[in-house]
């Protein structure tokens, strides 16, 4: 059968990593256009209304006090300059005393960047470039280490729940306790099955995502209660501020802890609580973003397989085409992929014959076909989950020790895995 001119196979197979990158780029572009359309429809009428109201007030004020529009515009420009320097109509705390500067550097290293305080001197701007370079890198590392420790706790909890369900499953159907002698005698027969069941168990990434999502919601709700009471914001406005701050977007339209003093002589307690909630919220949202990115990648894998299905018309017969070379990190459903030379350490397929020692996990997260394919980041995270839960941390291989790369979770684990692999290849 001749291949149609519109088939993608006419230009040769595309690397799965590149195809996934292009598909994600296309999704982001479409997502941006959709978001722009929604926000334009929602916010543009409000903007026009505010502009018309400002023009009316400007005309009224100019006529009432007999001021020229030029002089009034110059005065407003001067106030805008003062506003950038931190001077407001309402009384606020000093921006560049030690506490204000500490709040500023916290927004810098956390990449929130509210924008209500910015360096105005040349020395401050130059120092910020070097200070932010090291501080942001160290904070990102802290977020990754926080993610590992949170996942350790979650994995232990999920493992205990799994063991509890497993113990209930092995009880007799009548639910009565087994005598000690019978339990000891049956341990030899059922012990291997139980150990094998626990050894093959891996916590679900979707359970981790759900737990992190619930934790982020709880932190945001508790912080919103505090901000509503202290700052006088509405509860929905406080939730909006929490998401903008915790996700490190940091618009700067709403900024917490900016008054000189708060009612009830609880200023120090409120600022301490503000620091705690921002730190905890940023860590939770960052961890949640890392886990969601893994799920998004699984959806991209499913889309790639769906897009590859029409191209099979070019090669209707089974077997490899003589001019078709195996692709790097090829994605294939678990029931269509033959397990060859399984690795005991990673429970993965050894693809060293075709991909210079790279491996792909055969573990499935879901029974659904579009979630059957595991890529490197998902395999790393699941392996880390199971090892932390069982209590047998992975021993770094000799190549990893020689290269200086260690395992991790999320973005840090993916980067270390890639660096270790490329170092071995070289």
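Each Cβ is built from the backbone N, Cα and C atoms, and glycine gets one as well.
The shown structure was predicted, so the numbers you read here are calculated from the model rather than taken from an experiment.
Quick look at what TrEMBL annotates:
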type     : residues : note
TRANSMEM : 21-42    : transmembrane segment
DOMAIN   : 93-150   : domain 'Potassium channel'
TRANSMEM : 101-122  : transmembrane segment
TRANSMEM : 128-158  : transmembrane segment
REGION   : 172-193  : region 'Disordered'
COMPBIAS : 183-192  : compositional bias 'Gly residues'
TRANSMEM : 204-227  : transmembrane segment
DOMAIN   : 216-297  : domain 'Potassium channel'
TRANSMEM : 233-251  : transmembrane segment
TRANSMEM : 272-296  : transmembrane segment
REGION   : 389-411  : region 'Disordered'
List, by number or range, the same-chain residues at least 6 past the transmembrane segment (101-122) whose CB is under 8 A from its CB atoms? 84-86, 95, 128, 131-132, 135-136, 138-139, 245, 248-252, 255, 257-258, 275, 278-279, 282
Composition by DSSP (helix, strand, coil) of residues within the domain 'Potassium channel' (216-297): 62 helix, 0 strand, 20 coil
As a quick check of your reading of DSSP, tell me how many residues in the domain 'Potassium channel' (93-150) are helical, how many are strand and how many are coil. 41 helix, 0 strand, 17 coil
Local confidence of the prediction over the domain 'Potassium channel' (93-150), expressed as mean pLDDT: 90
